[in-house]
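Asks: Sharing the features that TrEMBL gives for it:
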type: TRANSMEM; residues: 12-30; note: transmembrane segment
type: DOMAIN; residues: 53-218; note: domain 'CSC1/OSCA1-like cytosolic'
type: DOMAIN; residues: 229-503; note: domain 'CSC1/OSCA1-like 7TM region'
type: TRANSMEM; residues: 231-254; note: transmembrane segment
type: TRANSMEM; residues: 323-345; note: transmembrane segment
type: TRANSMEM; residues: 366-387; note: transmembrane segment
type: TRANSMEM; residues: 431-457; note: transmembrane segment
type: TRANSMEM; residues: 511-529; note: transmembrane segment
type: REGION; residues: 570-590; note: region 'Disordered'
Amino acid sequence: MEHIGPGSWRLWAYMIAVYWISLVTYLLLWRAYKHVSEIRATALMSAEPRAEQFAVLVRDIPPSPEGEIKKEEVDSYFRAIYPDTFYKSMIVTDNKEVNKIWKKLEGYRKKLVRAETIYAQSRTIGSPEGIRPTNRIGLLFSNKVDTIEYYNEKINELTPMLETEQKITLRDRQLPAALVFFSSRVAAASAAQSLHARMVDTWIVVDAPEPRQLIWSNLSINYFSRVIRQYVVYTIVAVSIIFFMIPISLISAFSTFENLGMLLPFLKPVIQIISIRTVLEAYLPQLVLIIFLVILPKLLMFLSKAEGIPSESHAMRAASGKYFYFTVLNVFIGVTLGSSLYSSIKSLEGKPKLLSAIVDLLAEKIPYSAIFFLTFVALRFFVGFGLELSRLVPFIMFHINRKFMCKTEAEVKEAWAPGDLGFETRVPGDMLILTITLCYSVIAPLIIPFGAIYFGLGWVVMRNQALKVYVPSCESYGRMWPHIHTRFLSALIFYQVIMLGYFGIKRFFHATFAIVPLLLVSVIFAFVCNKKFYRFFQHTALDVVCNELKETPDIERAYRSFIPPSLNFDKDKLDGDDQNGEDGDHYGQV
């Protein structure tokens, strides 16, 4: 579009292209939403019973009446509402202290297995007696002790402490949250989407996540604290985005070495070397930008969990949304404006109408930012997917760990574990490429083939990785899709706004007014999709879970799968306690 003069009649073709891209996007998003809904329904209709389908998470339980414990309060409340399908409840407790002891005990057990493995290997390699491993228990010059005996003593010391702390935790550290179990999937699904109290801050009931997903420390945070935390986190993210623009803008200065030469004149001799200039100008800014973005995910995941979110998959979705807006507002807008304004900042000096000069400068320079993003997209699919498919870095790290760190089979398996797909960073990264491709699809159409290659290769590579390499850390039955759909529409609306402004800069006001209805259509489309599809992803439809199961569900097994590892008694001890009926009741109050 840079080659089309202001007010040219040929700009009508670009306006038609904007409409065509938008209409095709609406159609594909609608079909995709229906398709994902069908996939979710198929997964939920499975005849295999899953523990989370028979449970709900209850938060903000009001204080118990005098003389009544928390478990009795919860049981009586839900038994009165669901007399035929209520099974039992599990009260959430403050597990901070018991977790400390349990982690120490598990650490000593792993070290004991490691020491025994080393001792067994020494007996096969050297003398039949072998060499018993030793270690120092204090400072550098402290006495050495027999490692196996030392860890056995520590385990024998911590085991009764753990059992005592478990009983104290179950009896005295109950919190205002619980997991409630039902004898049927329909009853649990119905309870999760029903209003149980007149006040919004009491008896809040939602679908229970998988047992492995629960963030136990967040379950007892009350309603108003969660609301306040959410706004505080949003404020922190907004401030971070604003301040992050500064380093991103500095990075964008490296996208052209003319900018670097103006900023640092002493580097001009290096810049003039053709071979160095070509390599650095083509890849250095993009590599620096990609590395710069690596530090974000852990911070955003921490902030998402700080909101009081109850499950890992929900935290992933929240972190994914923050990461998307972070990357779009900083990487896309920051690099585009930074490279456009900084490269010709001196041309603005002395201009009488500064605002008009900036607008004209943006109209002239924004299309040239497509070169940076074209290289960025190319680098992502050439280098990114190449490393992803070869898994060269994990391969090297595994062999280093296996050679120098791993002594037991469990340690080898842990080192070999590929981890999960990493939705909290993978999805925003793909959505950033989508946003870049959309926004430059009309201004600089050369980026379209690169975007198509990125997503084509991505479909082949990541489908293979998802099916054959990565191990899912959680399952939310497609609840990530509505968030992807929302980000997709956000990218589309952002693209339409850019084209609205760019047509105005090109003095083509007919197209400017013609795109305004398109923005309204996008908003209406988002509203209709939300009303038609979203509730099924928020809750489980009753007609989906009413199908018969392959076998009679073992609700007690589902109940026990939610017990935290630090509160899981040994089976022999548990059977004895259940028989006398004393600690068995406490065990039901996890």
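Each residue, glycine too, has its Cβ placed from N, Cα and C.
Curation does not apply to TrEMBL; its annotations are automatic.
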Asks: Give the nonlocal contacts of the transmembrane segment (12-30) in its own chain as ranges (CB under 8 Å, at least six residues past its ends).
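Replies: Contacts with the transmembrane segment (12-30): 1, 4, 438, 441-442, 485, 488-489, 492, 495-496, 499, 503, 508, 510-511, 514-515, 518, 521-522, 525, 529.
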Asks: Can you name the far-off residues of the same chain, 6+ from the ends of the transmembrane segment (431-457), with a Cβ under 8 Å from a Cβ of it?
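Replies: Residues 1-2, 14, 17-18, 21, 324, 327-328, 331-332, 366-367, 370, 373-374, 376-378, 380-381, 385, 484, 487-488, 491-492, 494-495, 498-499, 502 contact the transmembrane segment (431-457) from elsewhere in the chain.
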Asks: For the domain 'CSC1/OSCA1-like cytosolic' (53-218), provide the mean pLDDT of the predicted model.
Replies: 90
